[in-house]
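Everything below concerns the one structure shown next.
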Amino acid sequence: MEKLTILLLVAAILMSTQALNQEQRQQAKINLLSKKKPSAERWRRGCTWWFGRCAEDGECCSNSCDQTYCELYAFPSRAI
């Protein structure tokens, strides 16, 4: 009877350890997938909309500042 009790305790410990490891792996996957924030997240954090005043690219939701105003789309630079 004692051997059965010890065996059950060992089995319970092994199962709980396995469940804990599996939970940590799932959390790591969630963290990996949530690193890149969608553009909607950038709008909520306070970036400037199209045709709003800006000084640098990082201020605009489109990530494209044309010296004074945010552009709707990041156009390729033109060589003059």
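Yeah, the Cβs are placed from backbone N, Cα and C, and that goes for glycine too.
Candidates considered were CYS60, CYS61; Swiss-Prot assigns the disulfide partner of CYS70 as CYS60.
In the disulfide annotation of Swiss-Prot, CYS47 is paired with CYS61 out of the candidates CYS54, CYS61. For the residues GLU23, GLU59, the entry in Swiss-Prot flags 4-carboxyglutamate at a single position: GLU59. Note: the CA-CA distance between CYS54 (disulfide bond) and CYS60 (disulfide bond) rounds to 7 Å. Looking at CYS47 (disulfide bond) and CYS60 (disulfide bond), their Cα atoms lie 5 Å from each other. Within 10 Å of GLU59 (4-carboxyglutamate), counting CA to CA, the recorded positions CYS65, CYS70, GLU71 contribute CYS65, CYS70.
Neighbours of GLU56 (4-carboxyglutamate), defined as other CB atoms within 10 A of its CB across all chains, total 9.
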